[in-house]
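The Zn(2+) binding site annotation in Swiss-Prot covers 576, 580, 684, 688 and rests on sequence analysis.
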């Protein structure tokens with residue numbers, strides 16, 4: 001019997017990568033958790049995801065063998081482990097998948113099986129007597145190989161008939177049998193062999209899956225051999241760690257033990273009993289939250305951001321249940337980075353952002369958590385174990401208090417109460433339908449059908465506009481009113497001159513992408529002249545010219561001359577290069593946690609959205625602006641390089657998480673730093689100036705928040721800076737002339753006006769207060785007597801409500817037996833303020849009068865027994881309000 005070597009999780013990861021590199025594998029770093037250009041997936045959930053294109057076309061892969069350690073998240077869509085996390089030994093939202101792959105090798109199967117078996121038994125010294133394998137029931141070749149490679153007899157090679165041992169990418173496409181390696185944790189753990197009725201007991205745990213993609217499914221009944229085979233393998237790092245560390249439960253490995261120890265320290269609660277589940281959930285969700293934020297996902301109310309918020313709030317609820325009053329999750333970040341930050345450097349780079357967002361979300365959630373829990377307690381107090389909460393209530397908690405369904409489910413689980421999911425889903429569907437009705441546009445179905453048809457045809461356009469401003473092209477498609485047409489004739493165009501789409505085989509017109517707006521210009525030949533008002537890019541390769549015909553007739557297959565508006569393109573290039581320099585300056589001055597969240601490169605301005613936890617001060621914005629202008633004045637070259645993606649990243653190129661890049665990429669470098677690195681180095685398909693001096697000048701217009709942890713910077717460059725400077729100078733001239741001062745003394749003049757205005761406001765407020773405050777003598781002249789009570793009823797306009805409240809309060813304090821009602825009208829909104837003398841509050845209370853008046857008028861309000869107010873819109877009922885109040889006082 002072999003002695004298994006104890007390795008911590010970081011050592012296992014490194015050992016795995018180095019072992020397979022030694023045997024001819026190229027190391028590929030983990031891709032972002034956000035899949036590049038793959039709308040079918042919320043998050044990367046397996047090692048093969050970043051290599052899907054190579055499975056379909058192995059010949060496009062630069063390397064035949066690859067090894068990775070891939071970050072994965074399963075918390076949304078088909079692969080959703082969120083409910084089970086914390087309550088089982090092996091469910092996680094975030095996990096690491098060790099993998100090695102073969103692309104296009106015909107005879108790699110035996111070699112891969114041999115390498116994997118050697119890694120487990122000779123490199124890690126796992127006891128091979130504890131290993132068994134499964135194979136697809138008809139895969140005799142793999143069973144034979146296991147007998148020869150590992151010396152396994154038939155009792156340890158289990159044949160499985162289900163799809164568990166046959167993998168496919170979908171109804172059609174690459175597919176093939178798989179073989180799985182299981183580790184036997186011993187008879188102290190209940191459970192049977194794979195394929196038996198007791199297989200879920202937990203004794204035998206899958207630690208490696210090897211998929212042999214050797215077929216292609218053409219349709220439901222036809223499967224053929226692949227010309228080029230692939231192999232996809234995956235081993236859960238956390239599961240391997242349990243074996244090497246002699247534990248059964250993933251949460252007992254070194255990584256989780258250290259994270260849970262930090263949670264115990266901060267919460268002052270030991271991880272025992274019910275608290276053990278809370279600690280496990282917090283530790284797991286901390287990893288998922290931090291890595292998602294590091295990969296550019298921000299908490300929000302939809303899409304990936306909502307899944308992140310669900311994960312965060314589930315952990316935060318557990319923190320609340322442990323009795324913690326202050327936010328805790330953000331305090332756990334340093335411990336996580338200490339465990340994983342050396343390998344995943346993005347955690348260190350984004351530490352400030354991760355910390356801010358976790359704290360901000362926990363503070364926000366705490367404000368609604370208590371209200372939501374109060375409603376949940378009220379609605380479930382009469383429910384017993386095994387009963388069901390209404391789905392309508394669960395939806396109200398989601399819609400009003402931000403409780404994700406699984407959070408409510410989690411809270412009720414401890415009382416063995418379920419939720420009517422059907423009712424919840426129905427409420428959700430109704431809300432979604434209402435939302436769709438709000439934005440559903442005319443002809444949207446036609447447009448969708450057209451786009452689907454275009455995608456099927458997939459007509460790629462050759463873009464020649466990097467080097468040419470003019471080019472010849474052949475018209476291959478004309479589309480108007482969401483329909484293909486053979487021609488567009490000016491004589492058949494109505495007065496509106498509807499836009500149409502024109503697609504050519506090649507074009508100098510840049511299609512809107514990467515934040516850069518599309519080109520405008522002219523397309524013409526001897527038969528027609530067409531104005532191009534915009535250019536868009538569909539499916540990443542088809543340039544569509546948005547056009548209006550000016551004269552003549554254009555036909556399919558016509559040869560046309562195409563010329564972009566050079567001045568318009570030049571300004572786009574200026575703004576695009578300025579955006580790159582701005583991005584670099586933001587990273588230099590604010591920190592490397594800066595992630596681009598969006599951009600717009602337009603003719604007249606640029607917009608750049610970045611991840612940053614707080615507002616950027618005016619002083620820092622000035623510093624950033626000065627740095628950008630410094631780079632511009634240096635007049636350094638803006639260089640284009642075509643290079644392998646891995647090489648670009650290794651040299652520090654900035655890439656967008658959401659983008660999917662090919663093996664060869666287009667990189668733009670600007671300037672150099674003292675350590676011979678580029679000042680700005682980004683992967684980019686846009687158009688740029690040749691030298692930074694071509695930009696001219698740069699000016700920041702504004703900075704604002706657009707979401708939690710996301711700031712927007714708007715700016716201008718080039719001639720627009722000169723235009724703005726001229727406008728500002730002319731405006732200063734007009735102001736100086738208006739006030740009969742020089743430009744240099746404008747500010748002191750304005751300060752004097754503000755000071756004088758404040759003094760006049762103060763005097764006006766005092767005058768208005770004096771008009772409202774009443775003495776005994778005034779009361780005698782204007783009050784109505786209702787029994788022993790005196791009623792003063794006044795209508796006023798354009799009074800500061802603070803003055804009115806103060807005057808009413810002081811009057812009723814000084815005069816007994818008085819009810820004072822003042823109706824103030826400001827911009828068609830009425831505020832009714834009611835004061836009652838303290839000596840009569842045993843009979844009449846201001847807040848009770850308010851309730852009666854609201855029943856009559858509508859509106860809303862409240863207050864105390866001596867002072868209350870109502871806000872309402874104007875209504876003719878106000879004309880009879882005094883009579884209503886008199887009747888109320890008389891009863």
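Each Cβ is built from the backbone N, Cα and C atoms, and glycine gets one as well.
The Cβ centroid of 576, 580, 684, 688 marks the Zn(2+) site; residues of that chain outside this set whose Cβ lies within 8 Å of it are 516, 573, 577, 579, 601, 638, 668, 682, 686, 687, given in sequence order. In the shown protein chains, 27 other C-beta atoms lie within 10 A of the C-beta of residue 576 (Zn(2+) binding site). Neighbour counts were taken at the CB atom with a 10 A radius for the binding-site residues 580, 688; the maximum falls on 580. For residue 684 (Zn(2+) binding site), other Cβ atoms within 10 Å of its Cβ number 24. Mapped onto three states, the DSSP output places residue 688 (Zn(2+) binding site) in coil.
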